[in-house]
Structure formats: structure tokens, C-alpha cells
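What Swiss-Prot says about this protein:
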type     : residues                                                                               : note
ACT_SITE : ASP312                                                                                 : active site, for OMPdecase activity
ACT_SITE : LYS314                                                                                 : active site, for OMPdecase activity
ACT_SITE : ASP317                                                                                 : active site, for OMPdecase activity
BINDING  : SER257, LYS281, LYS314, ASP317, THR321, SER372, GLN430, GLN431, TYR432, GLY450, ARG451 : orotidine 5'-phosphate binding site
MOD_RES  : ALA2                                                                                   : N-acetylalanine
MOD_RES  : TYR37                                                                                  : phosphotyrosine
MOD_RES  : SER214                                                                                 : phosphoserine
REGION   : 2-214                                                                                  : region 'OPRTase'
Amino acid sequence: MAVARAALGPLVTGLYDVQAFKFGDFVLKSGLSSPIYIDLRGIVSRPRLLSQVADILFQTAQNAGISFDTVCGVPYTALPLATVICSTNQIPMLIRRKETKDYGTKRLVEGTINPGETCLIIEDVVTSGSSVLETVEVLQKEGLKVTDAIVLLDREQGGKDKLQAHGIRLHSVCTLSKMLEILEQQKKVDAETVGRVKRFIQENVFVAANHNGSPLSIKEAPKELSFGARAELPRIHPVASKLLRLMQKKETNLCLSADVSLARELLQLADALGPSICMLKTHVDILNDFTLDVMKELITLAKCHEFLIFEDRKFADIGNTVKKQYEGGIFKIASWADLVNAHVVPGSGVVKGLQEVGLPLHRGCLLIAEMSSTGSLATGDYTRAAVRMAEEHSEFVVGFISGSRVSMKPEFLHLTPGVQLEAGGDNLGQQYNSPQEVIGKRGSDIIIVGRGIISAADRLEAAEMYRKAAWEAYLSRLGV
């Protein structure tokens with residue numbers, strides 16, 4: 001490792017000079033608030049620094065005596081690093097996609113694959129090791145062997161132990177502690193900042209697990225932010241904050257889909273099940289006897305039982321049209337619905353039109369990023385476009401209708417329809433997942449349940465079963 005040590009000081013300095021290390025208060029992918037954020041994506045615009053990083057990564061692999069046939073960079077920041085390594089040293093490279101394309105070869109791994117060969121993984125930063133493991137699994141499914149990974153910076157938060165538990169040796173050019181030591185010696189950061197970051201590292205270490213799932217005896221895993229903590233985030237939308245607070249208070253992340261055709265039944269459901277839910281979803285255009293007086297009664301019940309009203313209108317027209325649909329017509333949705341939703345097909349105009357009406361009334365909007373029906377086209381690039389649109393209009397958009405967590409920003413809510421206690425489907429293409437799958441594994445926040453409650457002999461009992469299942473899945477996700 002002599003070459004790596006000799007080059008470490010200038011390398012850390014170079015990365016600091018291009019603002020790869022940021023100190024302050026940052027929300028990480030996990031939802032944790034961190035005093036440091038590491039972003040190496042900018043080095044692609046600095047060829048000399050890119051080559052310097054690639055060279056030291058390759059030298060680290062050589063010094064470790066690793067034998068390998070191909071190289072694969074973890075998408076996306078490590079891809080250019082792997083490219084430079086392979087081009088400079090004439091080594092075959094493989095590219096792992098994050099998702100399968102709907103056209104062409106539809107392969108997850110591009111390049112010449114020879115089953116039985118060993119592939120070396122390149123990564124820029126390792127925290128928990130999850131991204132490396134995802135790449136390992138994809139490569140192993142192609143018949144390749146993976147034994148080692150080279151990383152530029154190990155954040156020392158359990159990633160090395162987690163990878164070791166899965167049979168992967170992690171070799172780092174530099175640890176976060178060493179990087180801080182160098183920056184402090186160069187007087188680029190002060191002792192107080194170094195201490196704060198080191199305390200954060202020590203207090204937030206991910207638990208490793210063996211192949212059988214049993215935890216190894218290392219420090220406690222970090223918890224993601226609770227609903228209550230997310231409600232207090234400085235950039236949280238007021239409607240999202242209100243919803244998260246009442247969810248925490250009532251211990252419910254259940255939204256009732258009240259798809260009934262009579263106003264009397266709608267109000268009965270709201271009154272009887274209101275204490276069990278955080279939100280009531282309406283399809284107001286299927287009410288046979290709709291009046292604005294009915295919605296006034298619903299607002300009264302919502303205030304009494306502390307739940308929000310969500311009109312599942314699915315706006316999908318040009319801005320001027322949705323604006324009129326939202327504020328006018330016989331439904332006057334903006335006058336009573338806390339939240340509405342919209343498709344992103346028309347482009348940002350649909351959000352801008354709704355926003356003109358909703359912002360002054362302190363309303364919010366959910367974008368449809370994924371759908372729970374068979375053959376839905378709301379996948380891939382469509383979903384990513386929905387996330388970008390939400391980020392660009394976060395003053396009005398509070399989250400998503402989706403089958404899983406599509407944004408790692410804790411300010412955004414994720415609501416998932418198509419939930420039943422047992423997975424399955426119907427004869428019209430609806431697919432159902434369990435609360436544990438949706439909340440515990442896919443990272444959603446709120447389950448939307450309709451027929452599982454409406455069709456039950458005892459609706460209150462059914463609602464409580466769903467509430468408890470969803471809340472327990474949420475607590476399990478927190479590690480409580």
C-alpha cells in the first residue's frame with residue numbers, strides 16, 4: 001500500500017478543492033441527518049483528477065494481490081472510474097445497468113460475459129455496502145465470481161463488515177477518519193468539525209448480517225427518520241407535515257379508499273373508521289347524490305377524527321383545463337380536498353395549473369409515479385420523470401402514488417394502493433401486496449385500502465387489522 005499512502009495527501013486535497021467533501025447538515029439516502037456529504041460525481045469534468053483517482057484504485061487492487069479477469073463499476077459514479085482503469089490497463093470491462101431496458105437485448109449486464117471468470121468491483125464511496133452487494137448479486141446471476149471490491153472512501157459505518165459477511169473483501173484507498181485527519185492537518189477543517197463527524201460515524205453504524213440473516217455483533221444500525229421527525233424537517237410541505245404529525249399521534253398510516261356511490265355511506269364510513277385512518281380517499285365523481293353540503297359534513301368529520309381528505313381525481317390535462325377542473329364545476333374540489341393527485345403525462349403544466357389554485361388554499365398534490373395494475377406503463381423513465389417534476393415543484397407537490405419508495409428525500413410521502421392482508425389480484429388486472437411488503441420492504445409510508453375494508457363483514461375490525469399491520473411494518477422498518 002506504499003504507493004497509495006504516498007499519493008493520499010495530494011488526492012484528498014484535490015478532492016477537497018473540487019468540493020467533493022461538504023460539511024454542514026445533509027439528509028442522506030437513509031434519511032439520516034449527517035454533518036458530512038461526499039459527492040464525487042464532479043470529478044468526471046476534471047480529467048486529471050479522474051485519472052488520479054482511477055490510478056490509485058487500480059494500484060490498491062494490485063497491492064492487495066487480487067486476481068481478476070474483468071472489472072465492473074457500481075452505477076453510476078464508479079462507471080467512469082472503471083472505464084479509465086480498464087482503458088489504461090487493457091482490462092475487459094462490464095457495465096451493470098440499474099434497470100432492464102424495454103428494448104434491445106434487455107440485459108442487466110453489458111459486455112462479454114464468460115461464466116466462471118472473476119470480476120472486480122469498483123466503487124467510489126461505501127457506507128452500508130448495499131450498493132456493492134446489489135452489483136455482486138447481479139454479476140453472480142450471470143455466472144461470474146466476485147470476491148473483492150475496491151473503494152475510494154470507506155465511511156466506516158459497517159459496510160466492510162456487511163460485505164465480509166457475504167464473502168466480499170473490501171479494500172479501501174482511504175477511510176473517512178483518515179481523510180478527516182489529513183484535512184485537519186492541512187487546516188482545511190477545524191477540530192470541532194472533525195469531532196462532530198467522527199461522533200456521527202461512531203453513533204451510526206449499520207448492522208451486518210450473515211447469509212442466514214443473523215446479525216453480527218457490531219454497533220447498532222442507524223434508524224431512518226420517524227414520521228414525527230420528518231414532520232419537523234425545515235423544507236417539509238405544510239400539508240405533509242400536518243399529515244405526518246397526525247400519523248404519529250394516532251399511530252396510523254392507513255388511508256381508506258371510500259369508493260362508494262352514496263353520500264350517506266361515505267359519511268358513515270368517515271365517522272365509523274375516522275379514528276383508525278390518517279386519510280380518506282374519495283372518488284367524488286362516482287357519488288350518485290353529490291352535493292357540496294355532503295363535503296362540508298365530510299370536512300367536519302375529518303376535523304373531528306383528525307384525518308385528511310384526498311380526492312383521487314388523477315388530473316391529466318393541460319394546465320388551463322386542470323385549473324378549471326380543480327376550482328370549478330359542480331365538484332369544486334379545491335374547496336374541500338386537502339390533497340389531489342395528477343399524472344405527469346401532460347408535463348409540468350398540469351402541476352402549474354393545479355398550483356395556481358391550490359397554493360393559496362394551502363393544498364397539496366401527489367404525483368402518480370407508479371400504478372398497481374398489470375401492464376402499467378408508469379415505470380422506468382416515466383417514474384424518474386415524476387420524481388424530477390416533484391422536486392422541481394416541491395412547494396406544491398408533497399409526494400407520490402407509487403408501489404415503492406421512488407425518492408429518497410424524506411420530505412416526500414409515498415402512498416401505495418393495491419394493498420390487502422394477503423397478496424393476490426383480481427380479474428381486472430389489480431395486483432395486491434401485503435402491508436409488510438409495501439411498508440416494510442418497499443419503503444412506502446401509507447397504505448391505501450378499499451375493498452379489503454369496504455367488503456368486510458365488520459369494517460371497523462378490518463380497518464383496525466390493516467392499521468395495525470401497516471403500523472407494525474413501519475415500526476419494524478425503524479428498528480423499534
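In case you wondered, yes, glycine gets a Cβ from its N, Cα and C as well.
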Residues satisfying Cβ distance under 8 Å from THR321 (orotidine 5'-phosphate binding site), sequence separation of at least 6:
GLY353
Round to a whole number and give the Cα-to-Cα distance in Å for the pair LYS314 (active site, for OMPdecase activity) and TYR432 (orotidine 5'-phosphate binding site).
20
Using a 10 Å radius around each Cβ and all protein chains in view, which of these active-site residues has the most neighbours: ASP312, ASP317?
ASP312
Express the distance between the Cα positions of ASP312 (active site, for OMPdecase activity) and SER257 (orotidine 5'-phosphate binding site) as a whole number of Å.
9
Using a 10 Å cut-off, grab the number of neighbouring Cβ atoms around the Cβ of TYR37 (phosphotyrosine), all chains included.
14
Including all protein chains shown, what's the count of other C-beta atoms within 10 A of the C-beta of ARG451 (orotidine 5'-phosphate binding site)?
13
Of all the recorded positions given, SER257, LYS314, TYR432, which has the fewest Cβ neighbours within 10 Å once its own Cβ is left out?
LYS314
Measuring CA to CA, name the entry from the binding-site residues SER257, TYR432, ARG451 that ends up nearest TYR37 (phosphotyrosine).
TYR432
SER257 (orotidine 5'-phosphate binding site) and ASP317 (active site, for OMPdecase activity), Cα-Cα, nearest whole angstrom:
24
